[in-house]
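Feature list (source: TrEMBL):
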type: DOMAIN; residues: 1-344; note: domain 'FMN hydroxy acid dehydrogenase'
type: BINDING; residues: Tyr25, Arg165, His239, Arg242; note: glyoxylate binding site
type: BINDING; residues: 78-80, Ser107, Gln128, Tyr130, Thr156, Lys215, Ser237, 270-274, 293-294; note: FMN binding site
type: ACT_SITE; residues: His239; note: active site, proton acceptor
Amino acid sequence: MGEITNVMEYEAIAKEKLPKMVFDYYASGAEDQWTLQENRNAFSRILFRPRILIDVSKIDMNTTVLGFKISMPIMIAPTAMQKMAHPEGEYATARAASAAGTIMTLSSWSTSSVEEVASTGPGIRFFQLYVYKDRNVVAQLVRRAERAGFKAIALTVDTPRLGRREADIKNRFTLPPFLTLKNFQGLDLGKMDEANDSGLAAYVAGQIDRSLSWKGVLTAEDARIAVQAGAAGIIVSNHGARQLDYVPATIMALEEVVKATQGRIPVFLDGGVRRGTDVFKALALGASGIFIGRPVVYSLAAEGEKGVRRVLEMLREEFELAMALSGCRSLKEITRDHIVTEWDASLPRPVPRL
């Protein structure tokens with residue numbers, strides 16, 4: 001396999017190792033997959049304005065998320081059904097996150113239960129929640145997550161219906177028979193039937209409540225509603241480009257959301273983060289931290305827990321280097337002036353007087 005030197009390299013290894021139905025489920029975006037490409041491409045249009053001759057011998061990446069101290073602003077996003085990637089699934093991911101001193105968000109649709117993940121040992125964990133039609137199920141899930149020591153709920157608000165992922169339709173995607181959605185076992189919601197298109201889309205149509213008036217937070221309007229509703233934070237996300245195609249890349253939507261919250265609650269980002277430089281750019285645009293999704297399942301497929309640890313290490317090292325080379329010794333020193341975007345071009349910069 002040779003030495004893995006960056007996060008992107010895990011994707012090809014995962015593709016080789018995984019059954020087509022499984023890899024396609026993890027990899028695909030909605031419809032034309034324009035947003036899927038754009039989530040990555042948009043980062044490459046943001047450039048650095050590094051400051052030099054600053055003593056960067058000590059770099060502090062520590063931060064606090066919703067009151068919890070973590071080692072870096074790089075966290076794990078919820079991704080469904082991780083045991084399809086590796087037999088240890090969410091257990092391995094939980095151990096890797098804990099070893100890296102960061103937060104793991106467990107998906108509602110995990111193939112390990114909240115109790116099982118808690119049993120891996122100490123760690124700061126959040127639970128991602130879809131709001132089911134049966135509010136009783138929702139209440140049970142929240143109570144179980146809380147009892148298992150989970151610290152926050154990440155409420156997914158962009159899925160009144162599932163986005164159209166054509167590979168899943170072609171492959172007639174369904175959860176392999178030896179796996180279950182563990183959090184729903186015993187609630188008669190754990191099994192996914194064969195369907196004549198995507199089994200998951202049929203499952204969502206039957207179970208997810210369409211009456212919620214929130215969408216995935218990509219706009220100033222919804223950011224204000226989130227603040228008014230008492231949300232403790234916002235994750236700017238387009239669901240890994242898996243819901244509505246032709247929404248902007250999250251890095252493009254980020255600043256609008258940050259400005260709308262007026263500093264009242266922290267704003268995070270997921271979608272397309274593959275390099276430490278991406279992390280820096282998100283923080284420069286006002287994010288308090290980022291979450292990674294696909295790199296976790298790809299590295300899990302390739303090397304299990306070791307792969308996920310490696311992804312977190314590589315991103316940490318790259319981010320630290322980006323900070324050092326930009327002249328930032330701590331997260332609070334990362335400012336909007338450290339980057340330049342296309343939409344800055346017309347703004348005259350103050351010229352230093354000599």
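Every residue number used here counts from 1 along the chain in the order it is shown.
Here the Cβ of each residue, glycine as well, is placed from N, Cα and C on the backbone.
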- Taking only the binding-site residues Tyr25, Arg165, His239, Arg242, which one has a CA atom nearest to the CA atom of Gly271 (FMN binding site)? His239
- Among all chains shown, work out which of the binding-site residues Ala80, Val273 has the most CB atoms within 10 A of its CB. Val273
- Which of the binding-site residues listed here (Ala80, Thr156, Val273) have a Cα atom within 10 Å of the Cα of His239 (glyoxylate binding site)? Thr156
- Expressed to the nearest Å, what is the distance separating Gln128 (FMN binding site) and Arg165 (glyoxylate binding site) at their Cα atoms? 21
- Task: For Arg165 (glyoxylate binding site) and Pro78 (FMN binding site), determine the Cα separation and express it in whole Å.
- Result: 18
- Task: Could you measure between Arg242 (glyoxylate binding site) and Ala80 (FMN binding site) for me? Cα positions, answer in whole angstrom.
- Result: 13
- Task: Please report the number of other Cβ atoms within 10 Å of the Cβ of Tyr25 (glyoxylate binding site).
- Result: 25
- Task: Among Tyr25, Arg165, His239, Arg242, the annotated glyoxylate contacts, find the widest CA pair distance and round it to a whole Å.
- Result: 13
- Message: Please report the distance from the Cα of Gly293 (FMN binding site) to the Cα of Tyr25 (glyoxylate binding site), rounded to the nearest angstrom.
- Response: 13
